[in-house]
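**Student:** Following this message is one structure expressed as structure tokens.
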Amino acid sequence: MHHLIAPSLLASDFANLQRDIELVNASEADWFHVDVMDGMFVPNISFGFPVIKAIKKHAQKPLDVHLMIVDPDRYLKDFKEAGADSITVHYEACPHLHRTIQVIKQLGCKASVAINPATPVANLVDIIADLDMVLVMSVNPGFGGQKFIEHTYTKIAQVKTLAANANPNLKIEVDGGVDIGNAAKLVEAGASVLVAGSSVFSASDPSLAISQLKHL
Ligand code: DX5
Ligand code: ZN
């Protein structure tokens, strides 16, 4: 299976959001990665429903919504209605993770769980069979443009091993500090979806940067 590319709109120019969405529409990217931050789970605030609805109006590819928020259960239906195709919740934010995942699926969205750099992969053992995707954070969530954490390769391989029997179709997404220098090694380790923010939108030719991540 070919890996997928999900440019993170967090690194786009919000004053030219439609332009950047159309750039991604016309590129070899597969999904839009949409980062929601609440200033509680992470020390930063990004954007919410009105902006996601505006993105959805122009996006011609699925919205991969990454919720960096406390108590996401309160808002799952609203994210579905705003246009989410897949919803990622954080392991660290969900005391009743199994219930949360069932609700996401009942809404008709793909269900995914993210783990922070210090959260062991082994914590997913009792939920992995129910998931469409696991998101391995390769930076501490909250900001774009951070340095990639090298231990991520090991964690991706651990997720791959855990999924081999329990859930062979599981997608493994990696998010944070992904660029052309580490992408091939990440895919080799088992990543099937690469999120890229600054390495795409800070490039002089974002569309070319996407193609380069796609054809490693
Ligand atoms: C970080 C977000 C990422 C971010 C990645 O908390 O989850 O999706 O946009 O940005 P880069 O690719 O610049 O590290
Ligand atoms: Zn993200």
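Residue 1 is the first one shown; counting continues down the chain.
Heads up, the Cβ atoms here are built off N, Cα and C, so glycines get one too.
Automated prediction, rather than curation, is the source of TrEMBL annotations.
This is the feature table in TrEMBL:
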ACT_SITE  Asp35  active site, proton acceptor
ACT_SITE  Asp175  active site, proton donor
BINDING   Ser8, His66, Gly142, Phe143, Gly144, Gly145, Asp175, Gly176, Gly177, Gly197, Ser198  substrate binding site
BINDING   His33, Asp35, His66, Asp175  divalent metal cation binding site
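Any idea what these are sitting next to in the structure?
**Tutor:** DSSP classifies Asp35 (active site, proton acceptor) as strand under the three-state reduction. Packing around Asp35 (active site, proton acceptor) is summarised by its Cβ count: 25 other Cβ atoms lie within 10 angstroms of its Cβ, all protein chains included.
Asp175 (active site, proton donor) has a Cβ environment of 26 other Cβ atoms inside 10 Å.
In the three-state DSSP reading, Gly177 (substrate binding site) counts as coil. In sequence order, Ser138, Val139, Gln146, Lys147, Phe148, Ile149 make up the list of same-chain residues 6 or more apart from Gly177 (substrate binding site) whose Cβ falls under 8 Å from its Cβ.
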**Student:** Cα-Cα, whole number of Å: Ser198 (substrate binding site) versus His33 (divalent metal cation binding site)?
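**Tutor:** The Cα atom of Ser198 (substrate binding site) is 12 Å away from the Cα atom of His33 (divalent metal cation binding site).
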**Student:** Cα distance, Asp175 (active site, proton donor) to His66 (divalent metal cation binding site), nearest Å?
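**Tutor:** Rounded to the nearest whole number, the Cα-Cα distance is 10 Å.
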**Student:** Count the Cβ atoms, other than its own, that fall within 10 Å of the Cβ of His66 (divalent metal cation binding site), considering every protein chain shown.
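**Tutor:** Here the count is 28.
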